[in-house]
Amino acid sequence: MMKESKSITQHEVERESVSSKRAIKKRLLLFKIDLFVLSFVCLQYWINYVDRVGFTNAYISGMKEDLKMVGNDLTVSNTVFMIGYIVGMVPNNLMLLCVPPRIWLSFCTFAWGLLTLGMYKVTSFKHICAIRFFQALFESCTFSGTHFVLGSWYKEDELPIRSAIFTGSGLVGSMFSGFMQTSIFTHLNGRNGLAGWRWLFIIDFCITLPIAIYGFIFFPGLPDQTSAVSKFSMTRYIFNEQELHYARRRLPARDESTRLDWSTIPRVLKRWHWWMFSLVWVLGGENLGFASNSTFALWLQNQKYTLAQRNNYPSGIFAVGIVSTLCSAVYMSKIPRARHWHVSVFISLVMVIVAVLIRADPLNPKVVFSAQYLGGVAYAGQAVFFSWANIICHADLQERAIVLASMNMFSGAVNAWWSILFFASDMVPKFERGCYALLATAISSGIVSVVIRSLQIKENLSKKQVPYIDANDMPGEDDDDDNQDNENDGDDESMEVELHNEEMAEISNPFR
């Protein structure tokens, strides 16, 4: 009896040892994904916003006067950029299904960097519009394309934090661009006969080029593409075949029968996902109207603030955006009953306050500074809505690519005329129409997010499944590695049952 007990104890120790080693291996894989996937997409988005916000910083730092830009020229150039962004959105996302993302995203980064360099030679407003259009074609690969990539590597509980870090990287780029322009104007203005704003575009390119090269060499693309271990990529030295296999299997099973063909369009259109997520991000994107149209920088210029102040003060909006985005991600990842729609409704309430404050006293510096900085909270919507769409559309690869791209495309399509109608540069300092527009989109986005949650619950009930289940627990897999996982996944199974019970309980009270 003693011998048998000793044998059982030894077996338990061995199991604990195996489990511990396996857990360390999982953590190591997640670390590698963060190091080589998340790092590249964040660097790409960071320089994307350095380049993009750099245009506005150049405008208020001498470009307007040097190129004799007048009236709504800034707004028109931004609209031209948005048109290019819209045109490239869906094709870029679909290209990720045909061309390895390592190649396509790196190429697009290099291409828009080269066009940014061309901006230092512009001599007219027409040159600006032409370059900005093609810049946008390539830059449109970044935002929705990255959310597609993140959804291919990360599980539901991992997505909010990574989406928030990604969003935050763009906001850091926005802040960095303002400080960099201030420094460039101070130290390089007039050097070699070039104005400070021209030097900004040159330096932007010098930063963009190494990021494109880094992506081509180290970015692994998608876990289910054999190109991830191409001879031209260092990825084969970073991820082994077993790790790539596990990276695919740790996510929920997809419907492998779906293909990118003519059946894709009716398949996507007959579901509510495409319609509702496109609508909610049209509204959520316009909640950023005051921030995305550089209204604070224009207000500072109108009120005769110094050049350094015009470049630096708007950075506070992006700082608030970073904090609010990270806080919302932590809330959704760590709080058991947290829901995406909770954050959406909170953003709606905050943006209503912003609209009321600016409309009430648009010339009071204390009110305007407070409202503009508070408006940075709307940036949290990027991580919230796109991670939500990633989760709901995960089972259909082609649908997910189209939905994520369409969200950004329709938001851009509306913003192309919305900014002219409500946030034109000649409406400074009051932006009266913009306040009413923000009030409408803030309230509407909150309502639509509640509707999406209702549809999600109804869909989960009809499928009789948990929204997101670890694929390692799916039946029909018999390799040794996964059998070993199954021995140690009892706790995970219990958690899934608990989540399922909680999901079913929500049917009677869906908005708790």
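Cβ atoms here come from the backbone N, Cα and C positions, even for glycine.
Membrane topology from Swiss-Prot places ARG27 together with GLN398 on one side.
The largest share of C-beta pairs under 8 angstroms with the transmembrane segment (103-123) comes from 28-48, of the ranges 28-48, 165-185, 313-333. For the transmembrane segment (272-292), the partner stretch with the most Cβ pairs below 8 Å, chosen from 199-219, 343-363, 402-422, is 402-422. Remote same-chain partners of the topological domain 'Extracellular' (293-312), defined as residues 6 or more beyond its termini with a Cβ less than 8 Å from a stretch Cβ, comprise 56-57, 60-61, 74-75, 78, 178-179, 181-182, 185, 365, 368, 372, 419, 423, 425, 428-429, 431, 434.
For the topological domain 'Extracellular' (364-372), the model's pLDDT averages out at 94.
The stretches the transmembrane segment (80-100) and the transmembrane segment (402-422) meet in space: the count of Cβ pairs below 8 angstroms, excluding pairs fewer than 6 apart in sequence, reaches at least three. Remark: the transmembrane segment (199-219) contacts the transmembrane segment (165-185), by the rule of 3 or more CB pairs under 8 A. When DSSP labels each residue, the topological domain 'Cytoplasmic' (154-164) comes out as 6 helix, 0 strand, 5 coil, counted as helix, strand and coil in that order.
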